[in-house]
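Pulled from TrEMBL, these are the features on record:
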ACT_SITE  Ser191  active site
ACT_SITE  Asp348  active site
ACT_SITE  His378  active site
DOMAIN    109-259  domain 'Alpha/beta hydrolase fold-3'
DOMAIN    320-381  domain 'Alpha/beta hydrolase fold-3'
Amino acid sequence: MRSSCVLLTALVALAAYYVYIPLPSSVSDPWKLMLLDATFRGAQQVSNLIHYLGLSHHLIALNFIIISFGKKSAWSSAHVKVTDTDFDGVEVRVFEGSPKPGEPLRRSVVYIHGGGWALASAKIRYYDELCAAMAEELNAVIVSIEYRLVPRVYFPEQIHDVVRATKYFLHPEVLEKYKVDPGRIGISGDSAGGNLAAALGQEFSQDANLRNKLKLQALIYPVLQALDFNTPSYQQNVNTPILPRYVMVKYWVDYFKGSYDFVQAMIINNHTSLEVEEAASLRARLNWTSLLPASITKNYKPVVQTTGNARIVREIPQLLDARSSPLIADQEVLQHLPKTYILTCEHDVLRDDGIMYAKRLESADVEVTLDHFEDGFHGCMIFTSWPTNFSVGMRTRNSYIKWLDQNL
């Protein structure tokens, strides 16, 4: 009996050691966040073991675990009709809210889920519930795109998928089928989905035939650049759940089918050192010392290496491509973008990507709403139902939907 108690105590202590990570008191529901992060880390470690044993690619294994615990069929409710179909060969899940009385045509949002270009799905519970809530509360049609993921495809195929599906949806006969007002369509996405939404918005802005097709874009804690992994938010949140810096850099390398040998060098900005001529003209576009307010920059110092590893950019030139890093786009591209909403979270390595993009858009005379949450963390907006319900999850979702309702 005594040995059993000792063993149990040891197991509890080990579990507590694994779960506990120091978090700032200002983050929403810290113990619940620790448990969520521990669960995700555990899934990552299992997938890495599967990869090590040669049974499957670690991202395929990890996504299998995620989808196995959260996949949801296309179930309609009394207020929202849900169907799975495809738009020009790209799978989508369509959520049709009831039209408002006296308004035969509905507004619409094309939504792109997050997941590091490699994980999650439009068909998992978190995104299904988000899009269903949007469709019901906005009396709208929500098109959630099931784009192909790494390692099945790599950059820029994810962009091609969302562009192809969106262009198909914008055909007059398709809009007529879904009873959508062609003047009230927006694009939106979170995290890597926010990256793809921003890339789509920029591509459309450069096409005279598509420039005015989108009324707005709404970007939720978007990832927008791969040149500087030492912005104040990257330094502040280097080990913060759910997206520590090391993991974000690995997602970038995976997206480009690059080598993990480059990860440590990229973390210290060796890929954009002063000797890398290709990056020289782009640094000013994300000079955070001028783009961020003093309340954000605090005492953080820029990390600019004099000498680095020029081989990284030679082997992964996509790092400097504005399609992957919308923050470095030309000013002429930005000035044609529609009204924009950007949601950022304090406890997120990507916080400054969003804030800098808002500043650059404002400089290009684009109307921007920057919605910042001091207790937010990366991914929080989809965590709104038990057992992963966070107070900041509901507040971010409500704020986001309210802005869409007022502006779409």
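Keep in mind that glycine also has a Cβ here, set from the backbone N, Cα and C atoms.
Locations of recorded TrEMBL features on the structure.
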{"residue": "Ser191", "record": "active site", "Cβ neighbours (10 Å)": "30"}
{"residue": "Asp348", "record": "active site", "Cβ neighbours (10 Å)": "28"}
{"residue": "His378", "record": "active site", "Cβ neighbours (10 Å)": "25"}
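Looking at the domain 'Alpha/beta hydrolase fold-3' (109-259) alone, the prediction's average pLDDT is 97.
Looking at His378 (active site) and Ser191 (active site), their Cα atoms lie 8 Å from each other. Looking at Asp348 (active site) and Ser191 (active site), their Cα atoms lie 11 Å from each other.
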